[in-house]
Number of protein chains: 4
Amino acid sequence: MSYNTFGRVFRFTTWGESHGPALGAVVDGCPPGLTLSEADIQPFLDKRRPGTSRFTTQRQEPDQVRILSGVFEGRTTGTPIALHIDNVDQRSKDYSEVAKAYRPGHADYAYDAKYGFRDYRGGGRSSARETAARVAAGAVARAVIPEVTILAWVEAIGGDSIDYAHFHAAEIGNNPFFCPDPHAAKRWEALVDSARKAGSSLGAVVVCEAIGVPPGWGAPLYAKLDSELAAACMSINAVKGVEIGDGFAAAALSGEQNADAMRPGADGAPRFLANHAGGIAGGISTGQPVRVRVAFKPTSSILTPVETVTRDGEAAEILTKGRHDPCVGIRGVPVVEAMMALVLADQKLLHRAQIG
Amino acid sequence: MSYNTFGRVFRFTTWGESHGPALGAVVDGCPPGLTLSEADIQPFLDKRRPGTSRFTTQRQEPDQVRILSGVFEGRTTGTPIALHIDNVDQRSKDYSEVAKAYRPGHADYAYDAKYGFRDYRGGGRSSARETAARVAAGAVARAVIPEVTILAWVEAIGGDSIDYAHFHAAEIGNNPFFCPDPHAAKRWEALVDSARKAGSSLGAVVVCEAIGVPPGWGAPLYAKLDSELAAACMSINAVKGVEIGDGFAAAALSGEQNADAMRPGADGAPRFLANHAGGIAGGISTGQPVRVRVAFKPTSSILTPVETVTRDGEAAEILTKGRHDPCVGIRGVPVVEAMMALVLADQKLLHRAQIG
Amino acid sequence: MSYNTFGRVFRFTTWGESHGPALGAVVDGCPPGLTLSEADIQPFLDKRRPGTSRFTTQRQEPDQVRILSGVFEGRTTGTPIALHIDNVDQRSKDYSEVAKAYRPGHADYAYDAKYGFRDYRGGGRSSARETAARVAAGAVARAVIPEVTILAWVEAIGGDSIDYAHFHAAEIGNNPFFCPDPHAAKRWEALVDSARKAGSSLGAVVVCEAIGVPPGWGAPLYAKLDSELAAACMSINAVKGVEIGDGFAAAALSGEQNADAMRPGADGAPRFLANHAGGIAGGISTGQPVRVRVAFKPTSSILTPVETVTRDGEAAEILTKGRHDPCVGIRGVPVVEAMMALVLADQKLLHRAQIG
Amino acid sequence: MSYNTFGRVFRFTTWGESHGPALGAVVDGCPPGLTLSEADIQPFLDKRRPGTSRFTTQRQEPDQVRILSGVFEGRTTGTPIALHIDNVDQRSKDYSEVAKAYRPGHADYAYDAKYGFRDYRGGGRSSARETAARVAAGAVARAVIPEVTILAWVEAIGGDSIDYAHFHAAEIGNNPFFCPDPHAAKRWEALVDSARKAGSSLGAVVVCEAIGVPPGWGAPLYAKLDSELAAACMSINAVKGVEIGDGFAAAALSGEQNADAMRPGADGAPRFLANHAGGIAGGISTGQPVRVRVAFKPTSSILTPVETVTRDGEAAEILTKGRHDPCVGIRGVPVVEAMMALVLADQKLLHRAQIG
């Protein structure tokens with residue numbers, strides 16, 4: 001079943017293929033009266049934009065967003081906001097091989113198995129280009145939650161992790177890896193370069209933190225804040241794992257080690273002595289930073305030939321030429337931030353629906 | 001926002017508190033004509049039932065399910081199926097301490113912050129007793145997907161993992177830990193016993209595999225099979241992490257290492273040489289086993305006093321007396337299985353909605 | 001597709017058959033802290049209860065509601081509220097004829113055509129007994145919208161209409177027809193009695209008005225307040241038409257005749273000089289009374305034999321013995337009120353989700 | 001709450017304002033492999049297009065649709081279909097009066113009351129221009145239900161009804177009123193002309209019939225086929241009433257008069273002797289023609305001054321200059337047809353989800 005809408009009251013729907021004329025999103029349920037223009041959205045798209053360093057795909061896309069509805073005289077009207085991004089650099093290459101044989105790790109076989117055929121040009125709907133639409137929608141979501149600051153970074157590439165002793169938020173924008181540790185950024189330059197030159201690819205771990213989420217957002221039980229975040233992050237291309245707070249590490253702890261003790265805080269709200277829970281208890285925010293950790297698999301497009309089969313069931317070998325990200329997790333950083341913003345905007349509105 | 005429905009066309013809604021008179025689920029959208037009686041549901045509830053060994057809570061609940069609607073002459077009618085389970089052993093203990101002070105790791109503070117007050121008896125709605133309703137609904141879901149075999153087990157407790165060289169599916173039912181490795185089961189006996197006696201608790205990792213899922217179930221993009229599974233598993237009490245296939249391990253691999261190569265299979269469908277992807281590509285099943293890995297944090301109820309605050313903002317210490325599971329992940333096994341069944345039943349129906 | 005949930009943020013799900021052991025509703029998304037007990041719900045069920053006069057079915061059902069969850073110490077907790085009503089008077093009659101032949105006007109043939117078989121006892125899921133669950137849920141909805149007063153009445157039976165010159169709201173409770181015009185009530189007594197004795201049945205028109213709805217509830221475009229009300233009313237058994245405000249009469253007017261002119265009001269809000277629009281413009285409430293008009297067809301169960309076919313496709317004649325309402329529209333009054341309350345509660349919460 | 005998506009598995013979302021740069025729809029959940037191009041959609045838009053006779057608004061809009069996604073090599077891919085229509089003839093007139101004072105019968109006051117401000121240019125989101133997006137989406141829906149033939153017509157204008165003795169389906173396309181009775185068409189010419197010249201407007205009744213709907217589409221209880229149709233039609237601008245089958249007329253009948261008797265049919269399916277029910281029983285199609293009747297109020301834009309208030313609460317008079325339809329119900333015909341198609345496509349897919 002094709003299902004391209006996310007959210008419950010603050011909802012967005014995306015559309016578009018890698019090599020179609022355009023892609024976009026419709027954001028519905030946005031509160032009225034918020035200041036919004038293309039200039040508020042463009043910086044987030046620029047952050048995600050391909051072709052900005054040699055560590056990302058060389059496809060050149062300006063990713064200029066246009067707002068086609070829902071904004072009047074610089075403010076949201078409360079009606080649906082249509083966001084439109086033209087595709088510009090769909091290279092007219094020969095797709096006959098991809099059309100015929102399934103690229104392992106890609107959606108090729110699964111799409112054909114489901115739909116009977118597929119738009120094979122650049123991955124069609126399964127291309128990570130779709131994430132541009134999410135990032136644009138996420139910028140609208142940020143306008144809904146001005147009280148929240150969202151920050152994501154790459155924690156590890158190809159198993160090489162940052163050292164949190166060297167974490168500097170200010171460093172994240174200073175390198176092409178969204179890396180908060182300058183030492184790791186240095187190492188990754190060599191690592192990613194070497195993978196890129198070898199026609200190989202690398203996985204990555206992205207961490208995202210939202211600060212300023214008040215206690216009380218979320219729900220028991222099937223729209224738990226953690227459940228919504230897991231769905232949101234797992235819907236991103238190439239993501240294979242999601243953790244809230246300590247995640248799998250918590251599974252190795254004892255109850256004493258995992259307890260987030262509380263003391264009376266200055267303002268009446270409790271002060272937490274730890275945040276193993278990642279800012280969520282019982283599916284509801286606690287007022288601590290909401291923290292999610294996301295695993296990106298290595299890009300499936302590689303230059304090493306891999307055994308596969310054709311549509312006709314014949315044995316074949318395939319290698320994926322053309323432009324791609326050697327580490328798709330890097331450009332996942334603005335995408336994870338966008339999904340965090342989209343989930344939190346929806347939860348904020350859901351919260352005030354029920355609580356007032 | 002309270003949100004207690006899960007699923008898109010095969011949907012279920014649960015209700016009930018730990019110490020209310022009963023709990024239950026309404027399953028809607030179930031196909032008609034399926035053979036169903038209480039006897040088809042009860043074995044799954046029995047598997048999850050508390051009080052069956054010293055390694056789980058000593059609360060005694062028969063968890064006898066009754067079908068109140070939607071079944072006529074032994075077959076589903078296609079109309080909503082109401083499942084009803086009486087609460088029997090709500091011990092009338094003194095909850096004044098829990099009512100006053102927040103138990104760290106529990107939903108106590110978050111619920112109060114959201115709703116202004118809470119049913120504090122046994123955790124109220126946030127109690128894992130709710131999972132009985134899911135397990136009952138899951139049994140209905142299994143009737144919808146007879147082609148699929150679902151099997152879950154505990155992979156690790158307190159960081160002590162099984163050895164897959166000693167994996168025997170038949171062992172899972174032979175010990176109180178749903179442990180497929182008899183050596184690990186032996187070790188866990190001592191481990192959990194010691195935690196229990198110390199009033200401590202342990203986290204666990206549960207793995208669940210679905211065999212027989214045909215290629216094509218799932219969706220691009222916001223109801224991806226992996227996204228739905230992530231939401232489903234993360235909605236279970238105490239779960240803090242979800243992986244599909246290799247999950248976080250894939251983030252440390254190269255593209256070559258992570259590729260699931262294919263060869264022509266006997267029946268026309270490809271034969272995969274590996275399953276790093278956990279049976280899902282592009283959000284859609286590939287026909288391989290669908291594999292999910294779930295992290296349960298240690299039970300938050302422990303006998304060691306922890307610093308906390310009261311509802312009035314005063315400093316306090318709290319320790320959680322009463323009955324509880326020393327390792328809530330163990331009884332998570334039938335719950336994860338149920339969520340897998342519920343997601344797959346929904347996806348099967350969604351698939352045939354769009355594809356026919 | 002079976003679909004038994006209504007609402008977007010304030011949602012309810014009903015279950016149960018006419019001759020099953022019980023029926024009920026789960027209300028989810030209700031705000032916390034509202035005073036609620038069985039005593040707040042029972043009066044509405046009593047109003048709808050069968051067997052209270054000779055003008056309704058003689059089935060004797062106490063329709064005692066029990067709240068099984070979501071209320072703690074007399075207040076809603078914000079978690080799902082399970083409402084349970086036992087069926088008591090399912091007469092064990094012989095259903096072999098109904099099982100075999102389709103009653104014209106009933107859901108018999110359509111259910112069989114869809115589901116392949118059906119619970120034929122008393123109409124199964126298609127019985128108007130389901131409306132007891134709605135009425136119970138509606139009582140919860142009323143607690144959400146204390147600012148709104150809802151009043152419904154029967155406007156016509158069998159084509160004999162009240163005279164609005166004789167409209168007295170206080171009369172509605174003084175006769176078994178929910179009739180605001182004492183003269184009409186008199187006439188209906190003879191009319192319905194005669195139909196009842198002849199084994200015939202009569203259609204009816206019900207009008208429902210909600211006073212106190214503030215301007216601003218509703219939505220463009222697919223959850224318009226009028227659209228939601230139309231869906232809500234048309235989901236009631238035997239309803240075949242819905243009008244907002246002047247409805248079909250407006251189709252015969254000119255723009256001048258239909259204009260609801262405005263003058264400055266005492267409190268800043270406009271004072272409307274007419275209410276052709278039924279309190280809704282552009283899908284959003286205007287602050288005027290919200291007015292809906294609902295057509296109930298005559299009860300399909302009649303004692304006159306009608307041509308029909310059997311399940312095996314044979315010609316047959318059928319007449320429906322047993323207990324039934326000679327005019328199902330009469331007991332529709334509390335049901336329409338409940339649906340009005342349920343829609344308005346949902347819209348109130350949706351409004352504050354988006355607007356705050 | 002802004003809510004601009006309709007449907008459950010076959011869903012569409014519309015966006016756009018009367019005077020924005022464009023409007024459009026995203027259709028999601030469409031089955032793959034259907035032949036679809038702009039040429040399949042354009043005829044329906046042309047049918048609805050303004051400026052084609054003196055009886056509709058003089059706004060000149062080519063309403064050329066572009067498919068921006070979801071179609072590959074002439075066939076639907078199963079992924080979201082983005083439909084885009086540029087606005088061309090947004091006349092740059094002076095809106096200062098409409099910005100300041102509320103036009104009675106329009107959404108002006110309600111939008112302001114809800115959102116605090118509004119896009120007042122040509123009605124903004126509340127303009128009937130939005131229906132172009134529905135009509136485009138409806139054309140996609142038709143491709144999903146090739147077994148169904150949908151036909152709508154105008155039954156009455158300003159209270160002057162056609163005579164069904166003179167009904168000729170072939171006449172519908174022969175006059176600018178979608179009128180099946182040539183005598184009525186003649187009369188309406190004078191009627192509408194006179195209203196147009198007087199700056200007045202007229203209401204209308206539209207009837208829509210779907211032939212070929214198999215028995216079994218629909219649902220108990222809250223997504224009943226009649227309930228979905230009522231919601232769909234009532235979501236159209238200016239609609240104030242919806243009837244299924246005999247509608248309000250049925251409320252004046254006895255059970256004998258209203259019974260749709262059945263006889264054995266040639267093909268095993270029953271042959272119905274009447275269709276008072278409009279092809280729906282118990283919320284599920286019976287195989288008879290599905291028939292809906294829709295009341296359109298007169299266009300609220302009239303040249304006669306009407307009392308109103310300004311945004312500042314001052315008394316004012318307003319008359320609506322500019323281009324508008326003297327009878328908005330006329331162009332409602334293709335819109336009602338589109339909504340019928342959209343509901344039926346959704347119900348067809350929902351049916352096969354549950355039944356297979």
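Here the Cβ of each residue, glycine as well, is placed from N, Cα and C on the backbone.
According to TrEMBL, the feature NADP(+) binding site maps to A:Arg48, A:Arg54. Annotated FMN binding site per TrEMBL: A:Arg125, A:Ser126, A:Ser127, A:Asn237, A:Ala238, A:Gly282, A:Lys297, A:Pro298, A:Thr299, A:Ser300, A:Ser301, A:Arg323, in sequence order.
In sequence order, the binding-site residues near chain D, meaning those of A:Arg48, A:Arg54, A:Arg125, A:Ala238, A:Lys297, A:Thr299 whose CB lies under 8 Å from a CB of that chain, are A:Arg125. Ranking the binding-site residues A:Ser127, A:Thr299, A:Ser301 by how many Cβ atoms sit within 10 Å of each one's Cβ puts A:Thr299 at the top.
Counting neighbouring Cβ atoms within 10 Å of each of the binding-site residues (A:Arg48, A:Arg54, A:Arg125, A:Lys297), the lowest count belongs to A:Arg54. Between the CA atoms of A:Arg54 (NADP(+) binding site) and A:Thr299 (FMN binding site) there is a gap of 15 Å, rounded to the nearest whole number.
If you measure from the Cα atom of A:Thr299 (FMN binding site) to that of A:Arg48 (NADP(+) binding site), you get 16 Å. The maximal spread of the FMN binding site, taken as the longest Cα to Cα distance among A:Arg125, A:Ser126, A:Ser127, A:Asn237, A:Ala238, A:Gly282, A:Lys297, A:Pro298, A:Thr299, A:Ser300, A:Ser301, A:Arg323, is 44 Å. Proximity to chain B (Cβ-Cβ distance under 8 Å) holds for the following binding-site residues out of A:Arg48, A:Arg125, A:Ser127, A:Lys297, A:Thr299: A:Arg125, A:Lys297, A:Thr299. When the Cα atoms are compared, A:Arg125 (FMN binding site) and A:Arg48 (NADP(+) binding site) turn out to be 18 Å apart. The CA atom of A:Ser127 (FMN binding site) is located 14 Å away from the CA atom of A:Arg48 (NADP(+) binding site). Put simply, A:Ala238 (FMN binding site) is 16 Å from A:Arg48 (NADP(+) binding site) when counted between their Cα atoms. Remark: A:Ala238 (FMN binding site) has A:Ala128, A:Phe296, A:Lys297, A:Thr299, A:Ser300, A:Val328, A:Gly329, A:Gly332 as non-local neighbours, by Cβ distance under 8 Å and separation of at least 6 in sequence.
When secondary structure is read from DSSP and collapsed to three states, A:Ser127 (FMN binding site) falls in the coil class.
The secondary structure of A:Arg48 (NADP(+) binding site), as reduced to three states from DSSP, is helical.
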